[in-house]
Amino acid sequence: MTPLALDDVLVEIGTFGWFQLRQFLLMILPLVFNAFSNLSYVFTAADLKYRCYIPECENRSDAAYLTEWLPAAVPFDRNQPAGCERYEAFVNITSDYLQCQASDFNHSAITRCFDFVYEDKAATTIVNEFNLTCDENTWKITLVGTIHSVAQALALLLGGLFSDRYGRKWALLLCIGMGSTLGVVRSFSVNYEMFLVLEFLEPLLGSTMYTTAFILGQELVGPKQRVFAKSLCLVVFALGEATMGVIAMFVHNWRHYLLALFVPGLVSLSFLWVTAESVRWLLSKGRNKEAIVILEKAARTNRRTLSDSTLKYFATNDYQRESPQLPTNPSFFAQLAEVFRYRRLTIRLAICSFCWFTNVMVYYGLTLNSVTLAGDKNVNFILITLVEIPGAVCMNFILNRFPRRMTQFVSLAVCGVLCLVTLAIPEDDSWIHTAMFLFSKMAISFSFGVLYIYTAEIFPTNLRQSLLSMCSMIGRLGSIVAPQMPLLAKVWKPLPMTLFGSIALLSAFTILEFPETGNVRLPNTASEAENLKQNSFDNLDGVLQEIGQFGRFQVRQYGLMVLPIIFNALFTLSYIFTAGNLEYRCLVPECEDPGTDVYSPDWLNESIGLHSYGRCERFQFIPNITLADWEECSSGNFNYSAVIPCDRFVFKTEETTIVRDFNITCAQNDWKLTMVGTMNNVGQFVALPIAGYLSDRFGRRWILLVSVAGSALFGLLRSFATSYEMFIAMEFLDPVIGSTMYTTAFILALELVGPKMRVTGNNIISCAFSFGEALLGLLAMYFRDWRVLLRILYIPGFLSLPFLYTTVESVRWLLSKNRKDEAFKTLKRAAKINGKTLSQAALARFNSIDVKSGSTKSLVSQSYAQLLREALGNPGLVLRVINCSFCWLTNTMVYFGLSLNSVSLSGNKYLNFILVSLIELPGFFLMQLILDRVGRKKTLFTTLILGGLFCIISVFIAGVDAPALHLTLFLLSKLSITMSFGTLYIYTVEIFPTNLRQSLLSTCSMFGRIGSMIAPQTPLLAKIWTPLPMILFGCLGISSAIASLQFPETLNNELPNTLEEAMNMQGNNIPSNDR
């Protein structure tokens, strides 16, 4: 008999009739109670406005929060009295009440208080009842929301297991019953500890009522009605939140407030008892008879009739038809193990969990922070909850007209942008802040609603609630973090909104990995879920297999490519030493000659105060004092109450950089030094897309020659710079002309090797770059004059041009341009040098390369503009470019950031730079061993994660006096990011088609240069907070690792020649006879 899907049955009984409407009306109750449960602590543990009680000036019975005399007794900040501090009263104060004056208090002595006057005397929360006042107790208030969310995270997984094992209905009744009971008991708490324990237990036993009610309501509607059903859930939840705000407006006692919220839950159990069990769950458990009873009841209620064929099918067939090898009722762990056997499902679960984390953190973070906006906190809370309703209504109209994936992407991206835009709005424009806050909340609410539907549609029935709960559990980590945002804001006030915006944008990009599920049947098995999206796979390559994947011909090519790679290392990082800062101090002309080379004379501390001044300021020399030739300056020669700036300096060593030659000294000129590295990278940023286009248009070889020659010319001219302005102009023009020598040489070398030798080829290139970096440090150690150093670095570039002229053009590029004769000559020459012979089969394959490449239209006949339009019209490729660009930005910023900061470590800066360069070599050898065994994706993910963790760990040991430990972590961070960068280069080459390979590699590299633009500015960032650069490096590394999971595995793949091949990539698609 033909298999029958439940969605087909729903068409017979009605996809959204009276039966489903009745079911949804019953589900309104748990959805409202869930809103109450999730956010009750916003008001029960709300902070209050208070100030010190001044017994010298007021009575307890009639004390007012603000009085005319209050500024005399209490410090004020932004027109608000301090919460926990007051001025110390003079002992002989005699003022009567309400007549205190400023003269009654010692304004130079501030003391702590322990008794308070509250602004709203009627309001009681745990703050005033359990005396949780002042900064030292702030963590106790924020801990309430965090402990609630921790319980939710623990409960969701257990609740999902219980629901999938014993049924949705019983799980729902248990959640509401236990949650309501513990909520009522919490209202009788006698201390903070009891309150906190009950705040943990209540969601632990009752937090899955939303997901259970959602699944119960969602599983009995048809595909086209799922959006409407979800919209109803969102509207009800938002109304529940708004109701909570209204209740809080009138019930100001937290104990009465809890009773008003939780008692109705106990009353509702009698109504919820009549709800129907999930038909899909019953079928997944083989309980077909019970499912038929519910379907027949639904049909009668909807005034429909089930056909005899449907009844007969469910009476005689096992619904779990797709998994004959499994028992009828397999264990949960057997089902979960089946999910992890599917690569796409596993990746989908990981990305889904991250998106849940983002949505939950931003959603609750905005909700919790709404009470801190200007105006009435209750009104703000009601507005921030009601704004979810238009989002839900819009979702109902949009999702059935636009794809799920794009809708999810846009809503997350809009939320992220709006959160970041608020950073640019002046604080005085409170209404604009509120408006942006509301729009951000509407966008994340919309996104959250779509995500619920999406999650339900991409996982199989027998594990749907468990995996939904698992994602939701990970998401609860976001709600654990959200209540701590007030503490984060104390580090930097805009930090919470910056975090919300950044993580929302990142999540938006990762969501594009999901398959489209609009109007798709809900999958019942893991196999169906895995195959929601099917890829086709093609095969190309083989000629290189026959002529030798890495023979003498390729070795010669790589030998030539080593030269521009080394030059790129020397040219790219030369500014570390040419614009390096130097140690210097003020020249004291009254005590020493201008040409002195004595950096630390005995009298120095008397004149410049080494512990306070030194570099750019000194004490004023007392006028009319003349020293004899044999006298030294002493403390009596200086006025220690007068500090003056210096205009001349004494340098510690003879080293010369632009600091000395162009007088770029003191803090006001720090930006000029960091600007050198940034301008270098701006030049690369500008050049890369143009050079990539020219390379794909006119060939790799000619672009390489122009890059080396142009860069060498401007580098040499830079050594003759007569001013800072001329120097920085040349620093910009050098990379504008020459920045693509690395990518061009890399492409030229890698396109001529077979799949199994790409890692080896990449390692040769990477080792050459590391050698170039180490050589730069070695040369800088011996050539301390920046002008001489530049000439030593750049003149060999001119000398290399005759050798580079003999390099061969890329065979793949020639084929993409239909220049088959030239390509064939190169291949024949390669075969001859490698001692191989091209067979007739290889010749036949070669002759069909450009027309049998997997595309119905040969790309050879298309213009570059047509190719680019086709590429931009492919959402999958656009997503790949975006993710690739983000990974490049991270790798470039962290890689160069660590290299630049290596010279600031304790010890010899040249030796540190050489060590940080040479540590890359073991990274390349490790990559050689790992990449072809583990795969590209896992290697990139792991190395980015490790690089991020090492950077973050270094923050926690910042105060430890252990230079060796600091250097070790620094080297491990550089080792990890080096492996990541090497893997990313290979990956970028392998995931883009030949006709656009260098253009898209250059595009990704161009965005990566944003990271290298920022890297030179990290010393300025460290002045805000010393660990900030390493925290930034660590967070970017971890975020980029997650984003990299979107890439396809390319291990043993042939390089794609067409867009279609690039998008249909899957690992291990080289024919067995070619491996």
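Cβ coordinates are placed from backbone N, Cα and C, and glycine is handled just like the others.
Sequence-distant contacts of the transmembrane segment (24-43), counting only residues of its own chain at least 6 positions beyond either end whose CB sits under 8 Å from a CB of the stretch, comprise 125, 144-145, 148, 152, 172, 175-176, 179-180, 183, 199, 202-203, 206-207, 209-210, 212-214, 216-217, 229, 232-233, 236-241, 243-244, 248, 254, 257-258, 261-262, 264-265, 268, 271-272, 274-275, 364, 367-368, 371, 381. Summarising the annotation, TrEMBL assigns transmembrane segment to 24-43 (among others).
TrEMBL lists 92-519 (among others) with the feature domain 'Major facilitator superfamily (MFS) profile'.
Residues or ranges marked as transmembrane segment in TrEMBL: 170-188 (among others). Outside the transmembrane segment (170-188) by six or more residues, the chain places 29-30, 33, 36-37, 40, 159, 162-163, 195, 198-199, 201-203, 205-209, 212-213, 216, 254-256, 258-259, 261-266, 268-269, 272-273, 275 with a CB less than 8 A from a CB of the stretch.
Per TrEMBL, the feature transmembrane segment maps to 194-216 (among others). Within the chain carrying the transmembrane segment (194-216), a Cβ under 8 angstroms from the stretch's Cβ atoms is held by residues 23, 27, 30-31, 33-34, 37-38, 41, 126, 130, 143-144, 147-152, 154-156, 159-160, 163, 168-169, 171-172, 174-176, 178-180, 182-183, 185-186, 230, 233, 237, 275, 278, 452, 456, 464-465, 468-469, 472, all 6 or more beyond its ends.
Per TrEMBL, transmembrane segment is recorded for 228-251 (among others).
The annotation transmembrane segment is assigned in TrEMBL to 257-276 (among others).
What TrEMBL lists as transmembrane segment is 378-399 (among others).
Positions annotated as transmembrane segment by TrEMBL: 406-425 (among others).
Beyond the ends of the transmembrane segment (558-577), by six or more residues, the same chain brings 657, 676-677, 680, 684, 704, 707-708, 711-712, 715, 731, 734-735, 738-739, 741-742, 744-746, 748-749, 761, 764-765, 768-773, 775-776, 780, 786, 789-790, 793-794, 796-797, 800, 803-804, 806-807, 896, 899-900, 903, 913 to within a C-beta distance below 8 angstroms of the stretch. Taken from TrEMBL, the feature transmembrane segment covers 558-577 (among others).
Here TrEMBL flags 625-1052 (among others) as domain 'Major facilitator superfamily (MFS) profile'.
With a threshold of 8 Å between CB atoms, the same-chain residues lying at least 6 positions outside the transmembrane segment (702-720) that come near it are 563-564, 567, 571, 574, 691, 694-695, 727, 730-731, 733-735, 737-741, 744-745, 748, 786-788, 790-791, 793-795, 797-798, 800-801, 804-805, 807. Taken from TrEMBL, the feature transmembrane segment applies to 702-720 (among others).
For 732-752 (among others), the entry in TrEMBL reads transmembrane segment.
Summarising the annotation, TrEMBL assigns transmembrane segment to 764-783 (among others).
The transmembrane segment annotation in TrEMBL covers 939-958 (among others).
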Notebook entry, point to check: In the same chain, who gets a Cβ under 8 Å from the transmembrane segment (228-251) while lying at least 6 residues past its ends?
Noted result: 16, 20, 24, 27-28, 31-36, 39-40, 43, 210, 213-214, 217-218, 221, 257, 260-261, 367, 378-379, 381-382, 385-386, 388-389, 391-393, 395-396, 445, 448-449, 452-453
Item checked: Outside the transmembrane segment (939-958), six or more residues from its ends: residues with CB under 8 Å to it -> 887, 890-891, 894, 927, 930-931, 965-966, 969-970, 972-973, 976-977, 979-980, 983-984, 987, 1026-1027, 1030-1031, 1033-1038, 1040-1041, 1044-1045, 1047
